[in-house]
Each structure stands twice: as structure tokens, then as C-alpha cells.
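Inspection log for the structure reproduced underneath, given as C-alpha cells.
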Amino acid sequence: MALNVFDHDEYRPPVWKSYLYQLQQEAPHPRRVTCTSEVENRPKYYGREFHGMISREEADQLLSQAEGSYLIRESQRQPGTYTLALRFGNQTRNFRLYHDGKHFVGEKRFESIHDLVTDGLITLYIETKAAEYIAKMTINPIYEHVGYTTLNQEPTLKKHLPHSQEEPDGPTPAKDDHNTEERLTSLVRRATLRESDLAPKYEKVHNFKVHTFRGPHWCEYCANFMWGLIAQGVKCADCGLNVHKQCSKVVPNDCQPDLRHVKKVYSCDLTTLVKAHNTKRPMVVDMCIQEIEARGLQSEGLYRISGFSELIEDVKLAFDRDGEKADISSNAYEDINIITGALKLYFRELPIPLITYDAYPRFIEAAKITDPEKRLEALHEALKLLPPAHCETLRYLMGHLKRVTQYEKENLMTSENLGIVFGPTLMRAPELDAMTALNDIRYQRLVVEGLITNEDVLF
């Protein structure tokens, strides 16, 4: 459980551990062993470190001078394939070498052989010297001992973050005086504030991507140095959290998206969007529904009739650019079908549909049940599989669509008609063959129709 620093008299910033950083400084440096004679058929992407088709024994002899010595040779057993021979730990290590525009022996890809060898020597040295230490890195992480906050609360940080006289163990992240937000890492940004009682507490997994950090960087989970020349760790694309790849597997699902990382409204993961903006539901859903209910409930063919696609695209761009300040009033868009079109487009462009891929089969199974009571119970169980932010948004949307049906004499939109419109909009078959997906359309309609009709019971 995360500590709330308001419950304690003193707060000390994380102590960044310097052991692995020191090891990186001690790692052997690359020493290229050049070939003094001209080699025929040398690949254009290798330099004088290429020695042609020499044996392992010859390579071993050439590399015996010093740690970090390296050369490239062509395999005698498999001509046309290449081996990086590297001196480490008083023995020669051989690695199959590949090139696809960049050089690589594993996952990491390098612009030059020198960079590949530099990174390899660092990794070999650290993993040899500190294998036991690395294996225990995720035990007692600093991450579990700090609280969490959002960008909206950051200005308060200045008041509540006491100054600590304690110097960190190892280099500290660089500071500048321009802006508190800029100098705080995503970890320290979470460090001191109470989560708002009004904020929905949705769980969200981190969106980690392999990242190359410029300059020394420390893991914000275990506080250890992130070693290597490139791709030293992973960074969350939504909140900016920086951690080792192995630490990313044990980081809690508590991503707090940062508005500086979440650039769009449309095509953005729903939970990411609501956590970034600290709202219960996506603002585009709330604003469009409020506008439709204010002036469109009696409009004939509501949601069935399409607005002009160019103007719907304009609404999308307005939300992406201005967020909750987007103007979707009648002054800007007189035709209510443009607003309904923008709302449907939002749901269609969700990377994970409102009724998620994981929950999809259960909803389809529920729709196939003929007994009304059993079908209702199955829908109720299927709803439990939805992430909280998805379930809350679906609840709000179904309440709105129920109100639309209350004006069906004017708008001619029954729950069945709305099911036809919203079935494929809210549900997408997860990698099914074309025929199965086609057959599912009928059941998608029945799912949405059932959710609308029984909205008061199900939610």
C-alpha cells in the first residue's frame, strides 16, 4: 500500500543507487583489431575490423592482446554468415552478427559496430559482476513507498515537499529553475499528494515502450542505474514512467497519464483519456450527449441519419485540439446529426472498443440466450468483465439512448433501431473470420437493444 506523506513529519526523496553506474564506468572499452591486408568480398557495412574467413583459433590469437578487443570474421562452416568475436573475461566470445540497415546480435539495433560492442561490453561486465544484485533489484522497490498524484494537483507540490539535506547515493537528475513540472521526474511527481476524493479510481496498466535514454538515467521503480548505450529500459508512453525492462513486469497497474504525453482525444485508449483529464468519462461523450439532449431528442432519424463527414471531421479535430473547450454548440454546428456522427466516430476509433475484445464473447453468448431472465443475468455477468471506465461510459450512454427511445414517436428511433446503429459501433469481433463476424452483427444489435431496454436494471 502506498504511503501518504501527509501522515509523516518528514519526506525524503528517493536515494538513487550508484553501484551499477560505477560498474558501467569500469567496463572494458572496445578495442578494434584491424586487418592489415585487403580482404576480398568484404561487406560494405563492415570496416577494417573484418578479417574475412579466418578460423576461431586465428581469431582467438588476434584477440588475446586485451580485454574488449573485437573483430568480425566470416564463418567457415556457413559462408555468407558473419561472427563478432569479442574478448571478455580472458576468453573469446562469439556472436552471430546480423545487418538489416543496422547491426545487431539480439534485440537491440545499432548504427555502428563500435556502439554494439560498447553496449555489449557494458552488459557483459555488469551482468557478470552483479548477477545476484540484479536478480534482487525488484525486492524492496522505492516505488511502493511513494504516493501518487495527477498533473492537476502538481502546483500544490511546492508547498508540501520539504527540502531534504540528504545527498542521494550517486548522480542526481539535473535540475533547472524554469519550471517545477519540468524538473520533477514522473516518480517524484507522484510523491506527496493525496488523490482527490472526487477523482475516479480507475486502474490502468502502463503503456511501456523500449526507450533510449540520453545521459545517465535511474529506474523509477528500483532506483538502480539503467545501464547500456541504447534501449536501456522502457518508458510509459502515457505517464512517462522510466523503468528497467525487468522492473516493468512488476510495476503496479497504476498509470497516471500525463497530459503532455496524451496528445489526442480521438483514437486514444478510453481509460488513458479519462485518467489524463481526471474525469469519470471521456469529455467528448459527456459534451456530445449533453448537446444532443439539449436540442436533438425529437430530431427524426437521430443517430441513423449521417451528418456531413467533413464537418464531423471538424468536430473531431476541435476535440483533439481544444479538449473540453471545443465549441459544438448550434452556433458552430446547426445540424445535430454532425454531433451524433462525431460521437459515433469517437466510439468507432477507440483502439479498444467500449465493449472490449476480452468481454466480447460473453456478450455475444448472452445475446444468443432465448430465455429473457437468463439473458438478462448473462448480460449482467458480462458487464462485470468491462474495465471500470468502459462500464461507466457504457452506463451513461445507455441511459442517454433510453431517453432517446422515449421520444420515438418524434424521432422514430426504437431500441431495435438504435441497436442496429450502435451494435457494430460499440462492439468489434476480436480477429474472427469474415463469416463469423458477419453472423455476429445480429447478436451485436441484440446486445445493445438489451442494454438499452434494461438499462435501469443492469446498471
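Any Cβ shown, glycine's included, is placed from N, Cα and C.
Annotated domain 'SH2' per TrEMBL: 49-117, in sequence order. Marked as region 'Disordered' by TrEMBL: 160-182. The feature domain 'Phorbol-ester/DAG-type' is assigned by TrEMBL to 205-255. Per TrEMBL, the feature domain 'Rho-GAP' maps to 268-459.
Across the domain 'SH2' (49-117), DSSP assigns 12 helix, 26 strand, 31 coil. When DSSP labels each residue, the domain 'Phorbol-ester/DAG-type' (205-255) comes out as 4 helix, 14 strand, 33 coil, counted as helix, strand and coil in that order. The predicted model assigns the domain 'SH2' (49-117) a mean pLDDT of 94.
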